[in-house]
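Feature annotation from Swiss-Prot assigns active site, proton donor to H708; the stated evidence is sequence analysis. According to Swiss-Prot, the 5-methyltetrahydropteroyltri-L-glutamate binding site annotation covers R16, E17, L18, K19, K124, R529, C530, W575, E619. What Swiss-Prot lists as L-homocysteine binding site is I445, G446, S447, E498, D613, and the listing cites sequence analysis. The L-methionine binding site annotation in Swiss-Prot covers I445, G446, S447, E498, D613 and rests on sequence analysis. Residues annotated as Zn(2+) binding site in Swiss-Prot, with sequence analysis given as evidence: H655, C657, E679, C740.
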Amino acid sequence: MALAHNLGFPRIGADRELKKALEAYWKGDLDQTGLRAVGQQLRAAHWQVQKEAGIELLPVGDFAWYDQVLTHSLTLGVIPERFSPAQDAAGLPTLDTLFAMARGASNCCGASHGKTQHAQELTKWFDTNYHYLVPEFTQDQRFQLSWEQLFEEVDEAHALGHKVKPVLIGPLTYLWLGKAKGDSFDRLELLDRLLPVYGEILGRLAAQGVEWVQFDEPVLTLDLPQDWKTAFERAYHSLQYSPLKKLVATYFGGLEDNLGLAATLPVDGLHIDLVRAPEQLPAVLDRLPSYKVLSLGVVNGRNVWRCDLDNALAALQQAHARFGDNLWVAGSCSLLHSPVDLNREDRLDPELKGWLAFAVQKSREIAILSHALNDPEATEVVEALAQSCEIQASRAQSSRVHNPQVQARLASVTAADHQRRSAFAERITVQRERLKLPAFPTTTIGSFPQTSAIRLARQAHKQGKLSLNDYTDAMRHEIRHAVQVQENLGLDVLVHGEAERNDMVEYFAEQLDGYLFTRFGWVQSYGSRCVKPAIIFGDLSRPQPMTVDWIRYAQSLTDKTMKGMLTGPVTMLMWSFSREDVSRQVQAQQLALAIRDEVLDLERAGIKIVQIDEAAFREGLPLRKAQWQQYLDWAVAAFRLCASGVRDETQIHTHMCYSEFNDVIKSIAAMDADVITIETSRSDMELLDAFEAFDYPNDIGPGVYDIHSPRVPETAEMVSLIAKAARRIPAERLWVNPDCGLKTRGWPETEAALINMVAAARQLRL
């Protein structure tokens, strides 16, 4: 019999119960007993809802108080020395150790006077919008079983009568995700010390009556060096003698050159992602022995659309012919990346809601597909397949999805639409003459502090308690304050502060046709931080101007230059749930045309500088380098399409906030923004090496202070950083600005830091 299973399930709860409990605990409003009770209730509810959906083998170990990689670090005893005082008397970690590692802690390792030990680094989980805590390894790293959570949860699930499959991050993926600290060394040197602890974990699980364990090894979808491939063989040969059956789970891409390795590992089963890489199925069917289990991920774990059951079933039937009862059905990856339950959405348009599926509904789709293999004539199977066909046809034919005007406009785009009228060298001369800015011009990235007054006004307006006129007055008051502060500080190019914006994507998405919004479509970003991405369901267009009135008002308050502030097409796309029926490239082009219209309206309103933020530009890179150039080509083209309609004298800025430029510097240059502002202060300007080596041709504003900290930098520090930048970039092409927007900071530290920043620029002009 084919079997239905999940690789993982969301942990936050349908009403974000985990987020609320965590934040209450951190504030001291909930004790640890209460927090643990919430976790236990969520786990029980999630196991039950999956079981009721028809999932036969339930994941255990997918629950985490903050992040699954952090939980695994505690399990293996990988706890940086600076957090040792947060452990118990026996030297073992506690829940507070876990939170200290995630959030930082005071008075660790002999620190006194409230000094905070910094948290572990947070970074993206492969190419998703989830973030994990990066393990820190030392050359003398020791591993020991130190955290009982997994075993306790297996007991919990067994007590409730569930058949479970514990989920572990595989040893090679775990080492790959970590960073070497202190002396440089090869992380693979740690493998032989790590494997005995995995063996101990497997022994404990076997003693609990577990039959199958899932090893998540998504690094098998990456470009792996040969020594890592060899290490895979060594690791799994070492673990093959444990009494448990092992399923190696790969996802987020195809196995490609790692297929031979994955197919011959001494394990009992292999999971592959057929959503991201459907083309790999024939090769896997050819290479994987039929006595092993093949788990096919046919339901998309990373998006919100209902599965095309007919299409998925065709692939499953092809595999079923060879693997028979050794075929398992699953999501493409953990459902962690999907919202929890569509049934909570009681205000969605019924037609649009019918096209969607969240984690609970995806679990049901997985079960139906498994049932279809085992009993194709069953009534529920026949009905589900018929309904799926109707829904897919409805969506494919809907006039709400397809807009002929948008499609015609896109078809009429020419190469000239992607080109500024003149080269940068000519444009910058005209712009400098028009703007008349001093050397080392000062500006900020866009947002100013979002105070409680701003948030309360926005909330009251959304709830209908504050009229549009009163809300507009409240936001204009905030804009006046932001402009006055900037003028008093002596900044050269001003911003309006973005008081009216709740989020840099959602604000624009709410004003574009082709987007829909949920009330409960939350997914975890990390810890207690959840995001509710907008959903692109149809062709995208801008019915009317989105920012012009606000920016025009701000410009009316000052004689200084006011920047228009927009979010770029790639970032809009990457931070939304996108369509599956058209390519990301097409969606980016549609967004680019909508933003182009806004840019031109701002120009017509007399705005001399327009900033188009592309914070997610690098995040869109595929996991395999061979696929990078195709992405970079269309991402650059989308930016150029939205930015290239303006006259030479209108200056286009872009902002990027990430820490690696070397491998994409040519593409960043190809965007042809007149000015790029970037995050560099934490790297002590080392990131500018990429711009120096490549001889980046346009203006640059390297961030001179870190906005993620409340610390106010001294003027001398910023002078030093700008001087360092000037050794790499000609001084006449340098701008002076913070690393990122100031939305999360308070006004006192913001003003203090900007006073020093302006002073630094003035000092350099002498």
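Just so it is clear, glycine is given a Cβ too, placed from its N, Cα and C backbone atoms.
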Cα within 10 Å of S447 (L-homocysteine binding site) is the criterion; apply it to the binding-site residues R16, H655, C657, E679, C740 and give the hits in sequence order. C740
For C530 (5-methyltetrahydropteroyltri-L-glutamate binding site), the three-state class that DSSP assigns: strand
Checking the contact step here: among the binding-site residues R16, L18, H655, which have a Cα within 10 Å of the Cα of I445 (L-homocysteine binding site)? H655
Within 10 A of the CB of R16 (5-methyltetrahydropteroyltri-L-glutamate binding site), the number of other CB atoms across every chain shown is 18
Tell me, how many other CB atoms lie within 10 A of the CB of C740 (Zn(2+) binding site), whichever protein chain they belong to? 25
Using C530 (5-methyltetrahydropteroyltri-L-glutamate binding site) as the reference point, find which of the recorded positions D613, E679, H708 has the shortest Cα-to-Cα distance to it. H708
Taking the centroid of the Cβ atoms of I445, G446, S447, E498, D613 (L-homocysteine site), which other same-chain residues have Cβ within 8 Å of it? T444, V495, M504, M565, Q611, H655, C740, G741, K743
Spatial neighbour of E498 (L-homocysteine binding site) that is closest, considering only the binding-site residues R16, L18, H655, C657, E679 and their CA atoms: H655
Hey, how far is G446 (L-homocysteine binding site) from C740 (Zn(2+) binding site), Cα to Cα, in Å? 8
Span of the L-homocysteine site, taken as the largest CA to CA distance across I445, G446, S447, E498, D613 (Å, rounded to a whole number): 13
Roughly how wide, in whole Å, is the group R16, E17, L18, K19, K124, R529, C530, W575, E619 that binds 5-methyltetrahydropteroyltri-L-glutamate, by largest Cα to Cα distance? 29
